[in-house]
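Okay, structure first, notes after.
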Protein chains: 2
Amino acid sequence: MGRYDLALIGFGGVNRALAELISQRGERLADELGFALRVVAITDLRAGSLVDTDGIDLAPLLAAEPGELSFADLPGGSAETRNENVIREVAADIVVEATFTNPGDGEPALSHVRWALEAGKHVCTTNKGPVAVAGRELKELAERHGVSFEFEGSVLSGTPVLRTARRMFGGLEITGVQGIMNGTSNYVLGRLEEGVELPEAIAQAQELGYAEADPTADIEGHDVQLKAVILANEVLGADLRREDVVCEGISQITPRDAQDALGKGLRWKLVGSATRQADGTVTARVAPVALPAHHPLAGISGPGNAVSFHTDLLGTVTVSGPGAGRTETAYALLSDIIAIHQRHHAHDDTTPVRRALKEAPRG
Amino acid sequence: MGRYDLALIGFGGVNRALAELISQRGERLADELGFALRVVAITDLRAGSLVDTDGIDLAPLLAAEPGELSFADLPGGSAETRNENVIREVAADIVVEATFTNPGDGEPALSHVRWALEAGKHVCTTNKGPVAVAGRELKELAERHGVSFEFEGSVLSGTPVLRTARRMFGGLEITGVQGIMNGTSNYVLGRLEEGVELPEAIAQAQELGYAEADPTADIEGHDVQLKAVILANEVLGADLRREDVVCEGISQITPRDAQDALGKGLRWKLVGSATRQADGTVTARVAPVALPAHHPLAGISGPGNAVSFHTDLLGTVTVSGPGAGRTETAYALLSDIIAIHQRHHAHDDTTPVRRALKEAPRG
């Protein structure tokens, strides 16, 4: 059986949850997937860096309180983060990038991804920043170095959206995509429908752990804006940047608006969308939309997320599921690792037989 | 470029729609998919059979009114259907089975599939019958003959359900599946909510083309019962038969029931489900369920269909989309053909590079 050695960049909730999966069900996963996973390096802004090319023992790290963790006193450990050194030099097969998203320049994640791809390492990330800012460049860089760049978790955590678009719709044309891609704003809109004022609704979202301490990116649509860029570029083949996406959040919607709409059978939703226009160009936007009850996104309640694909042969197909969560997002990374395996190594055991395919003259 | 030669068994709405896709966008599909499609045989209960191993010219057949079509006077044509002969003897790569579903014994489709697999031909079908009655046997038969048996269209037409379960959830456990898998009954329930009595609601569904002349299978849940068997067996690895699935339809639900429920924030839905029990066994059932508004299936309106996967790592992920329609169902066949290509022939061009995978001791 084969094995992948991982370097985890960032050891916050998501990569910690991935380490838990590897630690707790690594053998079961290996039996099912046909490969083992081993962590050979971890870096973290607070904890420092830890390298053991024979495989890091994860259990004691996971037993420690996240805030208390320090690599400085461990063998192979350092108080310094040493991201560039670890990413470039440590003999890992896959660099798993899960630091924080800077929506402006995508840094420092963008550099992490570049360093890894330049070093001929596969990369998977849950980070919207590098994908939205430089997705095309990074995919080309990966191609040149014969490795994969995977980022399913950048949209709707582990709910398969980008991979559904890529793998499930061969032979048809996707003409547009629209989604509810932010759980906080969707939860808040639901509370407005119940008559709760915006500040209180936001406070409730924070209490429930949906919203960040600073909810601006959620409420003003900036989080969805990055995801709309990713959908436009990945699903519709566009080359948009964040500033190409007109963005309006939900801060102008009052409980009265929400309740009036509800009375008319409409639900206000914060919708991020990308559409292919008649001239072939792709436009994207983020805006609150009052959706009729039969719309596939109208029934997405609470912190739920969903993305609808509009197609020529199938009409509208919608995938809904979690948009956040530690384990849910860590699963996106696992699904990326499986995709890397399938692309680079898994061919022999999925092919019981090959038969000659007739040669047809190219029409 | 390679090519697949197809034998179309049954030339009703679905295979006709597939022939239209091949005729109208064959070149575009070949450019995208890397293989050409050619029809070398068609059989139909009313039209007879038609064989041309140099490729049938589809345009004149598609120009004829469906009811008027007769193969008897065409070169290579016959007034006889000759299914067994065509399936066994004609040099086709893929047999595309789209006759009618007999829920009891799965015939004649079951024999069609068996003959094709025994002859070493790939099979794709949109027909629930053979899959629900003998799915396991047919998959083993395909395996023995080194070919594929694909049937995405047996559940939710071209909406990717079985393939989502198979390809999108590696490394996690699906603990249960539940779905709204019949558009007629879902439309009828919506009308009941508006106060329309059952017979009138059924008549409206028939007018809109959702319901068959005999709506019993839709209303009494028998159609969903077969799909529940398929989900239980394909997604949860069970070995259930139709008679293992307790089945209750919607004929006992009154407009008053539906409206009372709506007043309490509930929506009656006809739900087919399969669940893994604590002891590892799988049970399946079909029954009307009053779902709370936040349930992912509660918002599926009109003739819409949806299937929810309950998982250990991702919670609930739902795919919704069309559950019927000529082109939508023909797309399921195209997606099956793509899957056959990917499994048997497409490896070289998806693999830019292979790197040695380390050998790890098997845990």
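Even glycines carry a Cβ here, placed using N, Cα and C.
What TrEMBL records for this protein:
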ACT_SITE  A:Lys227  active site, proton donor
BINDING   A:Lys128  NADPH binding site
BINDING   A:Glu212  L-homoserine binding site
DOMAIN    A:10-152  domain 'Aspartate/homoserine dehydrogenase NAD-binding'
DOMAIN    A:160-338  domain 'Homoserine dehydrogenase catalytic'
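Distribution of TrEMBL features across the structure.
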residue  : record                    : DSSP (3 states)
A:Lys128 : NADPH binding site        : helix
A:Glu212 : L-homoserine binding site : coil
A:Lys227 : active site, proton donor : helix
Margin query: With Cβ-Cβ distance below 8 Å and at least 6 positions apart along the chain, what are the contacts of the residue listed as 'L-homoserine binding site'? List them in sequence order.
Written below: A:Thr184, A:Gln206, A:Asp218
Next item on the list: From the recorded positions A:Lys128, A:Glu212, A:Lys227, keep only those with a C-beta under 8 angstroms from any C-beta in chain B, and list them in sequence order.
Entry: none
Next item on the list: Out of A:Lys128, A:Lys227, give me whichever of these recorded positions has the highest number of other Cβ atoms within 10 Å.
Entry: A:Lys227
Next item on the list: Between the Cα atoms of A:Lys227 (active site, proton donor) and A:Lys128 (NADPH binding site), find the distance and write it as a whole number of Å.
Entry: 7
Next item on the list: Within the domain 'Aspartate/homoserine dehydrogenase NAD-binding' (A:10-152) only, compute the mean pLDDT.
Entry: 96
